[in-house]
Every structure is written in C-alpha cells, then in structure tokens.
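Data first, discussion second: the structure below is written as structure tokens.
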Amino acid sequence: MLLLLVAGVPVRPVAARKGHQHQQQQHHRPDPLLVHTAKGPVRGLAAESPTGKPVDVFYGIPYAKPPVGRYRFRHPKPNDPWKGVLDATVKPKSCFQTVDTFFGDFRGSLMWNANTNMSEDCLTLNVWVPRPRPNASHPAAVLVWIYGGGFYSGTSTLDVYDGRTLVAEERVVLVSMNYRVASLGFLCLDHPEVPGNAGLFDQLMALQWVQENIAAFGGNPRNVTLFGESAGAVSASMHLLSPLSRDLFSQAILQSGTAIAPWGVHDRHTALQSALRLAETLHCPHDERQLEAMLACLREQDPEMIVNSETGNFGVVEFPFVPVVDGAFLDESPQESLAARNFKKTNLLLGSNRDEGTYFLIYYLTELFRRDESVYLGREDFVRAVRELNPLVGELAQQAIMFQYTDWLNPEDPIKNRDAVDKIVGDYHFTCSVVEWAHQYALAGSQVYAYYFTHRSSVSAWPQWMGVIHGEEIAFLFGEPLNKSLGYRPDEQALSRRMMRYWANFAKTGNPSLSEEGHWERIYWPVHTAHGKEYLTLAVNSSLVGYGHRAKYCAFWQQFLPRLVNLSENQPNMSATCTGGASSVREVSGWTLLLLTLPTALHLPPLLLSLLPLPLAAADVTLTAAAAAATSTTLFPRRRIWC
C-alpha cells in the first residue's frame, strides 16, 4: 500500500482511507443469515432454487425440549434458551419411525423414507425465506407444512418437501416441522403421563413458535396458512377443531385427508388395546392394572425397537397409533364438532386425487395388485377383493358395495373391475371425507375452494395402472417439475407454476384466483357452494369445473350403507312384515332390501360408516309377493325372510 510522509509521519491516501471505512461499514452491516429468535440466535445458509433464484434456509431450529427419558410419550415442553449462535445449516434428524423396505431399492417407495438419521431429539422446524427478505412494513404470508405418513412415518426433510422453489417463485415464507409419529407420538394409556396426542401437541408448540418468531424471518404471524397431505391434512383439520390451536393460524389447505377420515381417530379403548399389544411384544407388563409398570418398562426400551414392534389388525388403510379424543386437544369427536359447527370459521382449500386407493392396494392385496403393468381383475377376483377389504361388515353390506361399484354394462371387464376396487378404497378412506368436510364448511358460510387432481406425473416410478396416486400432487405444489434435471415436460412445469400460484394466492388473499396485487388468474377457481358443490380439475391444459364430485358414491358410504348395516343389525333374522297373508316364507335377494330401503336413505346428515351409523327412519320393511318378485335379482345369494 502506498504511504505518504507528512511531517515525517506515514499516512494513507484519502482514497485508501475511504475504502477502509467502506470495509468497516460492510463488516458492521447486519448478517442476513443471522436471525435472533426468542430463545437465541440462529444462522442459516444462502441457497439457490432450481430456477436460479436466491433463498435463505434455516434448518433444524428446536422448538421444544428433546422428548427423551421421562419426557418420552409426554406432551412437549418448551425448550431452554441457548448460548451462542445455533448452526441452522444442516438438515435435522428425523423422528424415529419404521422404514419401508417392502419393494426394496425402488425409488417410488424410498422417496417417502426418512432421509436423515433418526433420533428422539427431533422436535425441530425449518424455515425458507425469499431474498430479498420481506421487511417489517410488508411481511410475507406464511405457509406451514405438516407432512403425512399415516401418523407412523414422515419427516420434514424429504426431497419432495424442499421449499426453495415455492418460496423463490411466490415470495412466501415456508415453515415445516418435525413431530413425533408412531407410538412415540400417539401412545395413549389413559394415564396423566401418557395422555395421548403428543404428536399433535408437538405441532401445536411449533405453531406457537411461529407466532413468536416468524416476524424475525420476514413472515406475517397474522397471516399463517396450515397445509398438509394425508395424515398432515388430518392434523391440519384437527387444528381447525381444537380450541387450543385454532387461534394460532389464519386458514387451512387440506390435501387428501380430514379429521373425519375413518382411519384418522381411535376411540380410547382401541388406543389402549394397541398400547397393550405393543407392551406385550416388548415383553413389558401388559395388563390394564399395571400401567405404571408398563410405562416404566416402555421408557427403558430402545426407541427403534419400539417403533419396529408396533402391531395391529391392520386393514388396507389402518394404523396402530393415531390421534384420540383426549378431552384436551380434542374435546369431542370430529364428527360431533362438524355436526355442531364447532370449528374455526375461515377460508378453506381442499381436494383429493383421482386414484387415491391404488397406493394402498399394492401393499395390502399383494396377490391381486402387483407392481407390474399386467394387473387385471376378473369378476371372481373383484368379489374376492371386496370381501378382503371389508371383512368386518356383513355379507349384505359387501354385496351392496359390489353392486354400487360394478359397471353393469360390463361386469366382467377386468380393467373396470380393477379400477372399481381403487375407487372403493379411495372414496371411503379419503375422497368422501374431503367432500363432506367441504360441504359442512360451505354450509357454515366459509369461503371454500375444492380441487380434483387428475394428472399422472410423467416421471412416476409406479405402474401405469395405478394412475394418479395418493400424494402425487405434492411434487407439483412444491415446484419439483421446475427442476429441469428431473425430466418433467413443459406442460407439467406450467401446471406446477399454476398450482404454486393458486396455493400462494390463497395464503396471501384467501382466494386462489386473486393475487396480492389484485390480479386475477387466467383460469378462475370458483367458490365451492353448498348447493353447487363446484370444484376445479387440476391437470395439464385443463380448466374444467365440475359439480358434486363423487356425490353418488359418497352418499352411498355416508347415508345408504350405514342405514343398511343398521337394518341388518337391528333385524338379525331379516324379519319383515308381509302383506297378502298367504305365504309363511318368502325368498328375497340381498339387493331387494337395498332397493326397498333406498328411498328413505336420501337427504340425511352424512356421517361416516365406521363412526356414527344413522338411525332407521322406520323399523319394518313391508313386502308383497309381487314386489319381491319384481325387484328380486339372482346377482347375489338369496336370503330367507320369515313372515
């Protein structure tokens, strides 16, 4: 460096001094990757989205104490402040869970396995922030992602949940949290130390963290949208119901799940039986009178051993440890809350995919539904599949299901029979609960937007016959098709951009068609009303608006079949009042009873079969010989009705 001698004293030239001052000013400029939270400072990393836009990412910020030792199975505790700067540049550990090895090294299933090491010290969250960072005068809308996985698996760090593209393209702040799953998150013993729903209370504490801290990241705590898929959507809908969490967010997006899904909640007896089975498998005390000893033993077990020892009498979509009505997080069943309109009145966006059932069939009915392209079901296999999928309902109900889902113009068609089994699983376990939730919210006067996702990804690893599977939409709303290295088509990139814009618009304005600047999207998304039941089809090059999605099939599950089951249970001898008085015995097919009870099955409050069967409007079924002869059919085994 050039030095000048002034009166024998070396000095820097003026230009050099100004440069040094500029360096000092730069040195003292706030570090954009250093954020001060309520519990201490965190430093994230500067990243770039696949589209080349800058994003700041903060991984693994703890929001609760590690639930280890005596805290295992308990509700989360607030974490303590930390000293120094927390490194938030590395993806966090996942909560303990089972790993799917059913199909070996197959990317279609491996993509859902935890991709970081597992630990009980897993109650952390991640934040993605656009750059330049939103300022305090105009904070960004916040989206909070809750992952699915049947409450037995899932983690926030999956590649498909990478928030960089969504945040960079739509300038929202995105948060995703880890919450405990399986028995570590949902064991319930009717004991103050294990009251159940620990995983939901994890989510609750993460939402409290968002309220306290998200402003420091440029997010608006007064504009927080929950969104989740499958069990994540069930969770989000439970936050709509819970008096503890409904004030911690603004609105919600439910993808392929709601709290009234038949697999979403266990009664306390079922939950306790699952706990006792787990304890027995782990060679712990497993008597209801030994809960203290059982709990002490379970807390000594290796967490990996615990989650890998979970058993149950699983149906096609059934999981051993799920939420319960605990009197705290949920003070009544979701069905009761919905019927009484005891829920957060807010904007709602929700929907389901075209082929929700196939993903579960390929794991459950493995002989009939294989992971290859040559899967077809003749009539005999169709009947077998229905019986195996519905073992707990009687013969009459099984026949009703077969009748409802048979294409009677082509009853032997192996493709239509195969697809019908998919629809049986998808309608009952996913689609119809979404349809009903949308309807009840519309009746309550909320702004509701419903979708039907029908695009099969061109890069899907699953066989073609599986169609648009459960979870297919996730990659599109997180912007994965915009990553050119993954090989998506241009029209799929356009669909992804449109879906990201819809989701972001909804988060910003409560309307997927309306931007924050007041601009309307080219393809308008209509409001779902109680009378029109409008929905938008999400697919490439599609602007199709439909009405009454799966209405006939959902009426079957929610209104008709419960009445039929009630009829058969209340009249075990199939007794009926006969007029005409001549015969003492009539032979009537199972479907005759369906036809005769159908008129009274209409226009009733729809509730799910497994949780609240509807009462009969009339106890007797009146038959005449002529009516029996006219309506009887030989399609189903005949039943003797004594008169």
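Glycine residues also receive a Cβ, built from the backbone N, Cα and C atoms like all the rest.
All annotation found in TrEMBL is predicted automatically rather than curated by experts.
Features reported for this protein in TrEMBL:
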- SER230: active site, acyl-ester intermediate (ACT_SITE)
- GLU356: active site, charge relay system (ACT_SITE)
- HIS470: active site, charge relay system (ACT_SITE)
- 33-557: domain 'Carboxylesterase type B' (DOMAIN)
- 1-16: signal peptide (SIGNAL)
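Overlay of TrEMBL feature records on the structure.
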| residue | record | Cβ neighbours (10 Å) |
| --- | --- | --- |
| SER230 | active site, acyl-ester intermediate | 28 |
| GLU356 | active site, charge relay system | 29 |
| HIS470 | active site, charge relay system | 26 |
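In this structure the alpha carbons, written CA, of HIS470 (active site, charge relay system) and GLU356 (active site, charge relay system) are 5 Å apart. Annotation note: GLU356 (active site, charge relay system) sits in a coil segment as assigned by DSSP. The distance from the Cα of GLU356 (active site, charge relay system) to the Cα of SER230 (active site, acyl-ester intermediate) comes to 10 Å. Annotation note: HIS470 (active site, charge relay system) sits in a coil segment as assigned by DSSP.
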